Every structure is written in C-alpha cells, then in structure tokens.
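Below: the structure, in structure tokens.
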Ligand SMILES: CC1=C(CCC(=O)O)c2cc3nc(cc4[nH]c(cc5[nH]c(cc1n2)c(C)c5CCC(=O)O)c(CCC(=O)O)c4C)C(CCC(=O)O)=C3C
Ligand SMILES: [Fe+2]
C-alpha cells in the first residue's frame with residue numbers, strides 16, 4: 001500500500017535507482033593526458049591551455065580530488081537513504097573518467113532497473129551542467145541499445161542551486177571563512193562569489209527558452225548565480241551584523257581561445273582591483289562548485305591565494321558543500337519530490353531566492369549546444 005503523505009512508505013516509485021552523474025577526474029599521473037583528451041574531444045581548446053591544465057593536475061600527483069569526493073557523497077547518500085527508510089540503490093557514473101557512465105548504465109540495466117532518477121553534480125543551468133550531461137546520457141543509452149541491452153528510462157532531477165540544502169551550508173561556510181581572517185580585517189572583508197567562467201554566448205543561451213533571463217546578458221547561468229550570491233550575502237550580513245559588506249560575482253577557470261569573450265572579471269583581476277580599492281580582506285566563496293575539486297584546489301587555493309599573497313591581501317576560501325548532511329537530505333528530498341510529481345501527486349518544491357524552483361523536464365531548446373545540435377536524453 002502506498003501513502004502519499006509518508007514518503008518512507010511510498011518510497012521513490014516509479015524510480016528504482018538513483019544515478020549520481022559527475023565529471024570524473026584522473027587518479028594518477030598516467031591518467032592525466034587521456035583524461036584531458038576525453039574532456040576536450042571536439043571542443044577546440046588550444047594545446048597550450050591543455051598543457052597548462054595538465055600541469056595543474058601533475059602538481060597534485062596527477063590525482064584530481066573529484067572522484068574521492070564523489071565516493072564520499074555516494075556513501076553519504078546511501079547512509080542518508082538507509083537512515084530514512086528509503087530503499088533506493090545509488091549508482092555513480094562519470095562523463096570523462098572511470099567509472100564511465102556507459103559502464104554504470106550497463107550495470108544498472110543488468111541489475112534489472114528500468115526507471116532511473118539522475119542527479120548531475122552541477123547545480124546551475126548552462127550547456128556544461130545541463131544539456132552536455134543529457135547528451136552523454138543519450139550516447140550511453142544508444143550504446144546499450146546497439147548491444148541489444150534494455151535501456152532504462154532516465155529522468156534528470158531539477159537544478160538545485162537555490163535549494164536550501166545547497167545554500168545553507170554555503171552561508172555557514174562563508175561565516176566560518178570570515179572567522180579565519182585576521183580579526184581586524186573581518187568587519188571590512190569583502191565577499192567574492194566565484195564560479196566557472198563560460199563563453200558569453202553559452203551564458204546568454206543558458207536556461208529554458210521561456211526563462212525571462214534567457215537572451216539577457218549572462219542568461220539564466222548568471223541570473224541564478226546572482227540570486228545565490230544575494231542570498232548568501234544577506235544571510236551573512238544578518239549573522240555578522242555587517243549590513244553593507246561589498247560583494248561581487250566573479251569568474252575563474254577560463255579556457256578557450258583568447259579572442260572569444262568569456263564571463264569576467266577573473267578572480268585574480270578582481271583581487272587586484274579589491275587591493276587597489278583598499279579592501280582589508282576578501283573571502284572567496286565558490287558558489288559554482290559542489291565540491292573541492294581541481295578548479296577549487298588549483299584555481300582558487302593555489303593561483304588566487306598566490307596572487308593575494310603577492311598583493312599582501314588577506315584571503316580565506318569558503319568550503320564547498322561536499323557531503324554535508326543538509327545536501328544529502330536535499331538530494332533525498334529532490335528524489336521524493338520528483339517521484340511524487342511523476343505519480344501525479346501534488347508536491348512542494350522548496351527553493352530560496354527570487355527565481356523559484358527550476359523546471360523538472362528540460363525543453364528541447366534548453367541550454368543549447370554551442371557547436372551543433374546533438375541528441376540529448378531527458379527532455380520534452
Ligand atoms: C560550468 C562548468 C563547470 C561547473 C559545473 C559542473 O561542475 O559541472 C565545470 C566543471 C568542471 N570542469 C572540470 C574540468 C575541466 N573543464 C574544462 C573545460 C571547460 N569547462 C567548462 C565549464 C564548466 N566546467 C567549459 C565551458 C569548458 C570549455 C570546454 C567546453 O566547452 O566544454 C577542462 C578542459 C581544460 C580547461 O580548459 O580547463 C577541464 C579539465 C571539472 C573536473 C575538475 C577536477 O578534475 O577535479 C569540473 C568539475
Ligand atoms: Fe570545466
């Protein structure tokens with residue numbers, strides 16, 4: 001018997017598995033070049049940029065922290081689900097490194113699962129965090145079909161950038177980072193919210209076709225980040241009693257050819273400008289990332305920290321959400337919410353800020369591929 005008011009009884013039906021879908025990263029020096037080849041296949045990233053990024057990985061022994069973090073998240077999700085009577089197996093597959101998505105989907109199919117909820121480890125709209133994952137799913141499903149295997153139906157869970165379980169840990173992390181600054185700089189310290197830079201054109205076309213931000217400078221990608229930045233800044237103001245602390249949304253990890261415009265300013269240029277403007281200190285808050293992977297470890301903790309040291313500007317970096325129990329609870333909530341919606345039951349979709357919950361099912365024109373249209377799964 002199912003009871004719509006009690007998720008632990010109703011469970012996640014119609015879903016019979018959750019797939020954690022992520023980027024993947026190298027796990028040793030010999031993995032670095034093949035990993036980068038996987039990432040950049042057909043993307044026109046200059047060779048010099050690839051050599052440069054390869055160096056970032058070699059600096060850390062050729063090991064990206066991202067796979068370890070996903071293993072932690074996977075374990076935390078399983079524990080959270082078990083602790084709340086949610087009997088739903090959780091699988092993990094990546095776009096660019098083992099365990100590869102296609103292998104995980106084969107395993108899911110072999111285990112008899114036919115309807116899968118998918119959580120991409122990417123909080124915001126945009127080609128890289130939305131459609132590209134759905135293209136990867138379409139490719140993997142096509143490979144299963146070619147092998148004569150049953151293809152599970154896959155549904156992507158909505159973007160979680162404004163879910164309280166994602167935003168609240170960031171507020172705590174920002175307050176904690178302020179506390180690590182020299183005491184006399186804390187009240188005047190400024191906040192630099194950082195995210196992955198993307199090409200301007202990719203930003204402008206990000207989001208659903210009927211999203212009011214679509215087509216405006218920065219599109220849904222920037223609008224969503226600004227909403228989160230405002231939320232965190234307002235909560236931090238309340239918690240610290242500093243009402244007018246300056247903040248800005250800035251970017252990092254730019255790649256691509258120099259003549260192609262990408263979102264700016266870069267975090268390092270921003271630190272220089274803050275120093276020139278007599279900022280006593282800056283807290284870098286990586287709101288664009290769900291865990292401390294290479295973008296955070298190198299571009300912020302190594303490069304931006306070195307820039308700040310050169311300037312004599314005190315900086316601290318706020319922690320990412322990682323496997324915070326509020327985040328694993330949010331994932332459980334998103335699964336149960338979508339499952340209820342698929343069963344045709346009324347649902348409450350929790351979301352902070354001004355933009356409301358993101359759509360459940362992407363339109364065919366959501367977050368278009370900047371190069372050429374390709375088949376994508378999980379869309380109307
Ligand atoms: C929006 C966004 C996110 C955040 C959302 C999300 O998390 O999904 C993200 C995450 C990540 N990006 C990552 C790594 C890389 N991204 C690259 C290249 C690119 N990223 C882009 C965008 C994004 N990327 C774009 C527009 C490109 C240009 C090429 C293209 O048009 O696709 C390249 C190529 C070399 C370079 O130029 O950097 C690498 C190695 C890793 C793994 C880190 C680790 O190993 O720990 C993660 C989590
Ligand atoms: Fe990236």
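Using N, Cα and C of the backbone, Cβ positions are placed for all residues, glycine too.
Among the features that TrEMBL reports, Fe-coproporphyrin III binding site is placed at 64, 133. Feature annotation from TrEMBL assigns Fe(2+) binding site to 196, 295.
Features per TrEMBL, on structure.
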residue	record	DSSP (3 states)
64	Fe-coproporphyrin III binding site	coil
133	Fe-coproporphyrin III binding site	helix
196	Fe(2+) binding site	strand
295	Fe(2+) binding site	helix
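Checked against ligand 1, the binding-site residues 64, 133, 196 give 64, 196 in sequence order as having a Cβ less than 6 Å away from one of its atoms.
In this structure the C-alpha atoms belonging to residue 196 (Fe(2+) binding site) and residue 133 (Fe-coproporphyrin III binding site) are separated by 16 Å.
Put simply, residue 295 (Fe(2+) binding site) is 10 Å from residue 64 (Fe-coproporphyrin III binding site) when counted between their Cα atoms. Counting only same-chain residues six or more apart in sequence, the Cβ atoms lying under 8 angstroms from the Cβ of residue 133 (Fe-coproporphyrin III binding site) belong to 21, 95, 118, 120, 122, 156.
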